[in-house]
Structure formats: structure tokens, C-alpha cells
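J.: Reproduced below are the annotations present in TrEMBL:
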REGION    1-22  region 'Disordered'
BINDING   272, 273, 274, 275, 276, 277, 278, 371, 372, 373, 374, 432  GTP binding site
BINDING   278  Mg(2+) binding site
């Protein structure tokens with residue numbers, strides 16, 4: 001049915017539309033009834049949407065929403081795991097099987113990384129050539145294990161588009177490459193044992209069989225992994241390349257004998273140390289009891305911290321009660337993987353300034369956590385000078401307390417001058433992999 005346009009050709013069509021020319025009484029009655037029904041449906045939809053909005057507002061009045069921010073590898077996901085362990089231990093325990101696969105992937109990628117650094121050409125320059133050549137050959141099946149674990153972690157997406165593997169000569173950057181899983185991909189539930197009932201018999205999903213095969217291969221290589229990591233020539237080769245795997249996330253080589261064993265069951269500490277980069281946002285809802293009060297719902301948003309993902313933070317700014325910002329203080333002598341010209345501590349300064357400047361967060365509580373203090377202490381004790389990388393620092397470059405105080409003053413100053421109005425700011429020095437952190441006190445601040 002054709003409708004007559006309004007007087008202006010470019011003007012939008014009005015509602016109800018103009019009646020057609022030469023409309024009969026019957027056509028008019030039908031048209032008016034259709035318009036009445038369309039208006040009723042439209043009003044009904046508007047009413048439902050308004051009810052949903054009101055219900056959402058009422059539900060959120062009983063929720064506290066916390067957004068975790070910070071650059072990549074600042075410890076956001078580890079801190080979130082700490083919250084889950086503290087407040088939702090049953091759900092945390094249910095994910096043990098999935099995290100075992102991640103830990104095995106972390107260990108396998110570390111071994112393959114060491115083998116990449118110890119190339120055949122590099123081995124020729126070392127004294128223990130025969131031993132290292134033999135180890136390279138016997139550990140070659142771990143390439144297959146790595147590929148299999150990567151495939152299983154991304155198997156819920158037929159196109160595998162949720163998976164991103166950094167493959168471009170990762171050892172050039174002094175670190176093992178990473179596997180990235182898109183937030184909400186459901187990889188944890190995917191790795192659980194699945195059984196299908198068929199004619200009264202149970203069949204095991206082939207995915208579990210493949211994971212079992214990977215674990216058997218890893219167990220068979222266990223002694224060789226331990227030997228490789230303990231080999232002084234291998235350690236010399238890594239040192240010559242400026243590689244320190246011990247200070248990187250997902251490091252399990254020092255516990256390879258336990259992790260690669262056939263009966264390995266991850267501990268809470270293992271899961272806190274495990275590394276799997278998440279792209280996008282993850283939402284986690286937990287029930288938190290405080291001082292005997294009824295349990296409250298807490299919603300945590302964990303977002304990717306790489307430069308390319310930070311634009312996705314803004315939509316969460318209008319809907320959170322608190323910002324939990326993590327600064328990895330041990331990264332003072334490191335650079336961004338996304339931009340090798342930018343110091344990571346300087347990037348945290350700039351990122352913090354951007355967050356403080358946002359008017360959307362003017363009335364939001366800020367909790368600032370200086371994370372990875374254990375690694376900072378180790379670096380300073382090892383003789384790595386803080387002032388060599390932070391030129392504005394003038395005190396003792398190896399004094400842990402003075403360095404921490406400088407970093408704190410810097411962040412407080414940025415907050416004071418960049419904030420549009422005064423807000424609550426709470427500061428603490430932390431180590432996210434320590435499960436005994438006083439998490440309840442931070443939540444009370446929100």
C-alpha cells in the first residue's frame with residue numbers, strides 16, 4: 001500500500017501516515033484498525049523496555065560494580081582470580097581442570113621458548129653441545145603438545161577466530177609468546193570432561209582423550225625438561241640473550257617435575273600464577289558477605305590492558321562504583337610489547353592521568369594498587385638501577401622503600417592535578433599472586 005508523502009519531500013514521514021488517495025470507507029476502517037494495533041504493539045514494547053530498565057536499576061542498587069584497569073600484565077586477571085578464590089571458592093575449584101591445561105601450556109611454551117633461543121647455531125658456541133643437541137631432539141614432541149593445547153583452548157569457536165597466538169620470533173623480545181582468548185569464549189567449560197549417554201553406554205569426548213595424550217607426552221618429557229632448565233650452558237645462553245623467564249607471568253620451569261607429572265593437580269597458587277591473556281571484557285559476579293551482613297552481589301569487569309583494547313574501557317565508566325587500578329611497579333626497566341620505545345612505568349603514569357582526567361569517573365572511588373612488589377625488590381637487590389630508567393629519580397636507586405615512596409608520590413601528584421574534583425583515593429602495595437591479601441578491606445572501600 002502506497003502512502004502520500006508529507007508536504008516537504010525531504011521531511012521524515014509522519015505517524016500515522018497520510019491516507020491514500022481515493023480511500024473507501026472500508027479501506028479507511030481497515031487502515032485505522034491496523035494503525036491502532038501497531039500503536040498498541042509499539043506502546044507495549046516501550047512499556048516492557050521501561051520495566052526492564054526499572055528492574056535493572058533496582059537490581060543494580062543491590063550490586064557493587066568494580067572495573068579493573070591497568071596495562072597488559074599488570075596483574076588484573078590474577079587479582080580477579082584472588083577475589084574468586086576468596087569469595088567464590090566452589091566456583092574456583094570447579095575450574096581446576098581447565099587451569100591445568102593452561103598451566104601445561106605455560107610450561108610447554110616456556111620449554112619451546114628456551115629451545116628457540118638455543119638454536120643449533122647458538123649451541124655450537126656452547127661447551128655442552130652434545131647434551132643440548134640431545135635434549136632438543138628428545139623434547140621436540142612438545143611442539144605437538146603446544147599445538148594441541150592451543151587448539152583445545154579455542155575449540156569452542158569453529159573459525160578459531162577467538163584465538164590469537166604471537167608467533168613472530170618472540171624470543172627476540174626476551175619473552176615467550178602468548179595465547180589470547182576472547183572474553184566470554186567459554187574455554188573453561190569447554191575443557192571439562194564431557195560424557196554422552198548413547199544406548200545406555202557412556203562415551204568420552206575425544207577432546208579429553210587429546211588432553212590426556214598431551215599430559216602423557218609432557219610427563220614422558222619431564223626429566224628432560226628438568227635437565228634442560230638445570231643445564232649451566234642453557235642458563236648461560238639465556239643470560240647472554242638478556243632473558244629472565246623467572247620474572248615473567250606463567251613461569252613453571254622451576255617446578256617442572258611436579259607440574260609435568262601424570263598426577264598433577266593445580267594448587268591455588270598454581271592457578272594464581274597461570275597466564276592466559278584475555279581479549280575484550282570478562283564479567284564476573286560474586287556474592288560477598290561483610291561483617292555478618294546479608295550477602296551482596298559484586299560485579300567485576302576485567303578488561304584487556306593492551307593499547308589496542310583501551311578504547312573499549314569507556315563504556316564501563318558510567319556504570320561502576322569503583323576503579324581498581326593496578327600499576328606493575330617492577331616494570332620500570334621494561335618496555336611495551338606494542339611499542340618498544342615506551343617504558344612500561346611511564347605508560348602507567350600516562351594511563352593513570354587519562355583515568356583521573358575522565359569526567360565520567362569524577363565521583364567514582366579509586367583504589368590504586370602498586371603490584372608486583374616482590375619482583376621489584378628482587379630487581380633492586382640484583383643491582384638493577386631504578387634511576388637508570390627513571391631519570392627524575394634522585395635518591396638511592398637500589399633502595400626498595402625509597403623507590404616505592406617515589407612511585408607513590410608521583411601517582412598521588414598526578415591524581416591531585418588531573419582530577420576534575422576531589423574523590424576518594426586508596427593506595428596499597430601488593431603482590432597479586434599472594435592469596436592471603438586483605439581483599440575484604442579493599443571491597444569495603446567501595
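Note that Cβ sites are derived from N, Cα and C of the backbone, with glycine treated the same way.
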J.: Among the binding-site residues 274, 276, which residue has the largest number of other Cβ atoms within 10 Å of its own Cβ?
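T.: Per the Cβ count, the most surrounded site is 274.
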J.: Out of 278, 372, give me whichever of these binding-site residues has the highest number of other Cβ atoms within 10 Å.
T.: 372
J.: Would you identify which of the binding-site residues 272, 374 has the most other C-beta atoms lying within 10 angstroms of its C-beta?
T.: 272
